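Chemist: Could you have a look at this structure, given as structure tokens, before my questions?
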């Protein structure tokens, strides 16, 4: 009997796949046919870091504390995205789904609900990353991305920052920004 390699625990809360080109509801999965899943290793190569954490105990989670200390995340807050909790919900959802990049990392820890972070690969194809309760991801500075809810229409995420919170989106195209150039250089040189 051949034993299987242990499953990566992140796979229980994070899944990724290449998206179809449909203009249907952005909250749908948008799988290609046949489905074309993306490994967590492929996300690592794009600089997208991920962890599975204990979302029921985030206040006292030692692993989260170690990550925060190691990466310098000194500020946190929460964003609850649903029509009942987020002011100007419809406008915000449209804004989140516009393709953009940041000059700093975007760090999100899903403590309840679920949603999609879409990122561009190096061939400019969309990869949809489905995060569920317990998933923490880091999108590197300079990666084009967007966010939307899934069909459950709810996520509560801890936002983490190095120092004071900065959340300035630079809508595409913005290839001349230093963060974009550095991101592409890091990918080409295999620095992730």
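Glycine is no exception: its Cβ is also placed from the backbone N, Cα and C atoms.
According to TrEMBL, the record shows the following:
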- 100, 102, 106, 145: Fe(2+) binding site (BINDING)
- 100, 102, 106, 145: Ni(2+) binding site (BINDING)
Chemist: Counting only residues 6+ away in sequence within the same chain, which have a CB under 8 Å from the CB of residue 145 (Fe(2+) binding site)?
Modeler: 99, 100, 101, 106, 117, 118, 119, 120, 139
Chemist: Taking the recorded Ni(2+) site as 100, 102, 106, 145, identify the other residues of that chain whose CB atom sits within 8 Å of the mean position of the site's CB atoms, giving them in sequence order.
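Modeler: Once 100, 102, 106, 145 are set aside, the remaining close residues are 101, 139, 143, 144, 146, 169.
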Chemist: Sorted by position, what residues of the same chain at least six away from residue 102 (Fe(2+) binding site) have a C-beta under 8 A from it?
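Modeler: Correct list: 139, 141, 142, 166, 167, 168, 169, 170, 179.
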Chemist: Let's check the environment of residue 100 (Fe(2+) binding site): how many other CB atoms sit within 10 Å of its CB?
Modeler: 19
